Amino acid sequence: MMIKQAEFITSAVSITDLPKDDFDHFLILGRSNVGKSSLINAITNRKKLARVSQTPGKTITLNLYLLNQSLYLVDAPGYGYAKRSKTQTLTFMRMINEYIQLNGHLKKIILLVDFNIGPTQDDLDMYIELQAFDVDIIVVTTKYDKVKSSHRLKQEKVIRSKFFEGQKIYFTSSETKFGIDKLINEEFSNE
């Protein structure tokens, strides 16, 4: 699938704020600063569609981007940000749970993991928690280019060992676009 059109539509804090149409949603989850906005920009081939911040915890709403007038990429706030208060963390978790449980258009959850660091305990906890929902989960690693090529195969094996057998995992780099076309063609092509 070729992404010909991409635009920011809205920010939502509740299920009632979502657009009232029938387009499929693809939720992008991951730790703060894992590269969610950069991945959206790489998928859409637009450098500044999603604002990229060097400061963790900037995204506090669900940000919806409409692709090809047919599906939404939904950028969620990052989890695991230490400077968020417990109240903010609970509000975030409630918003995500409500979105997953009540959004009848959620097609897939894309869980981002930093390839260089590997899955953190927060990533693994989120992965286990997501198993309770009847939604396809895709693991996408980011920052593949940050690891020396001689160490990549070993890191791929380490990452695969942390998830359930048969889990679909994509290795990507927003910087070099490595793996982006494969992700688009395999996960968004039928949309």
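Every residue, even glycine, has its Cβ placed from backbone N, Cα and C.
According to Swiss-Prot, the domain 'EngB-type G' annotation covers 22-191. The feature GTP binding site is assigned by Swiss-Prot to 30-37, 57-61, 75-78, 142-145, 172-174, with sequence analysis given as support. Residues or ranges marked as Mg(2+) binding site in Swiss-Prot: Ser37, Thr59.
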## Note on the structure
Densest Cβ environment (other Cβ within 10 Å) across the binding-site residues Asn33, Ser37, Thr61, Thr172 belongs to Thr172
#### Entry: Cα-Cα distance linking Ser37 (Mg(2+) binding site) and Lys143 (GTP binding site), given in Å to the nearest integer
13
### Three-class DSSP secondary structure - Lys36 (GTP binding site)
helix
### Message
Taking 10 A as the limit, how many CB atoms besides its own sit near the CB of Gly30 (GTP binding site)?
### Response
26
### Message
Return the count of C-beta atoms lying within 10 angstroms of the C-beta of Pro77 (GTP binding site), excluding that atom itself.
### Response
24
#### Entry: Position of peak Cβ density within 10 Å, selected from the binding-site residues Lys36, Lys143
Lys36
### For Pro77 (GTP binding site), the three-state class that DSSP assigns
coil
### Thr172 (GTP binding site) versus Ser37 (Mg(2+) binding site) - Cα distance in angstrom
14
### Query
In DSSP terms, helix, strand or coil for Lys143 (GTP binding site)?
coil
